[in-house]
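J.: Reproduced below are the annotations present in Swiss-Prot:
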- 27-191: domain 'FAD-binding PCMH-type' (DOMAIN)
- Arg170: active site (ACT_SITE)
- Ser220: active site, proton donor (ACT_SITE)
- Glu290: active site (ACT_SITE)
Amino acid sequence: MNNLQKQFPHISIKLNEPLSKYTYTKTGGNADIFVMPKSIEETQEIVSYCYQNTIPLTVLGNGSNLIIKDGGIRGVIVHLDLLQTIERKNTQIIAMSGAKLIDTAKFALGESLSGLEFACGIPGSIGGALHMNAGAYGGEISDVLEAATVLTPYGELKKLKRSELKAAYRFSTIAEKNYIVLDATFSLELEDKNIIQAKMDELTAARESKQPLEYPSCGSVFKRPPGHFAGKLIQDSGLQGHIIGGAQVSLKHAGFIVNIGNATATDYMNLIAHVQQTVREKFDVELETEVKIIGED
């Protein structure tokens, strides 16, 4: 820790930082070393230093589709929340990794650019969205993603073109190669602002009516199994409302697990395992987690 602070006195570095402050579930242990770079250059410095000194490094985005275990995370956490610039270039939008997806969709609306309406309610960061090819209501990030600037795990800066950014359902080249997203370029289309707003209002209303936004949660917990819907399988298994500790299968949407009061990451993990086992026994279907789970028990 002292070496890191001496090496980078210009960068915000905290010791034993509670990660529950940075996750939507309000759960998770502490980070040994918590770093918040203010620029691409600072991010590259930290990543290169950790690689050269064999220090474990984990990147944290908006913490919205994430469970951090109660034992926390060893090594260095790099939180990219300060990299939030969003700008327009012709009919393209360039957003930095820490920018919120919702804010980027609103920025596009303000510029009369269509294509990100589906993202108007997704509570993730640009970096996290690219990592998992986030999507909702028939749209995915890969539909509009033109290019991305990334860091390799050893700190090399790379520009990836659309053809290099292979993506599938909740999968991307970025995740496969463990790249760190620095910014993303989206190709959009000019459209009447009122038409864009109407579509966003429609999707927001649908989201509010179906999802348990009144409780802390990690968003959609499970991927959609082929030929099924995870929420329907969970509901038909009689698990809607099931509670372990402070974690509950949402009464509003069975595909969500909410924190109804002082839940721990262990509560979440135990409830996820119980749901998977029950659905497997009843329907012979494997539920694969969409939520990313990291850290130590």
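Cβ coordinates come from backbone N, Cα and C, glycine included.
In terms of burial and nearby residues, how do these features look in this structure?
T.: Under the three-state DSSP scheme, Arg170 (active site) falls in the coil class.
Listed in sequence order, Asn65, Ala230, Gly255, Phe256, Glu290, Val291 are the same-chain residues at least 6 apart in sequence whose CB falls under 8 Å from the CB of Ser220 (active site, proton donor).
All protein chains included, Glu290 (active site) registers 19 other Cβ atoms within 10 Å of its own Cβ.
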J.: Test of understanding: give the count of other CB atoms lying within 10 angstroms of the CB of Arg170 (active site).
T.: 19
J.: What three-state secondary structure does DSSP assign to Glu290 (active site)?
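T.: Note: Glu290 (active site) is coil by DSSP, not helix or strand.
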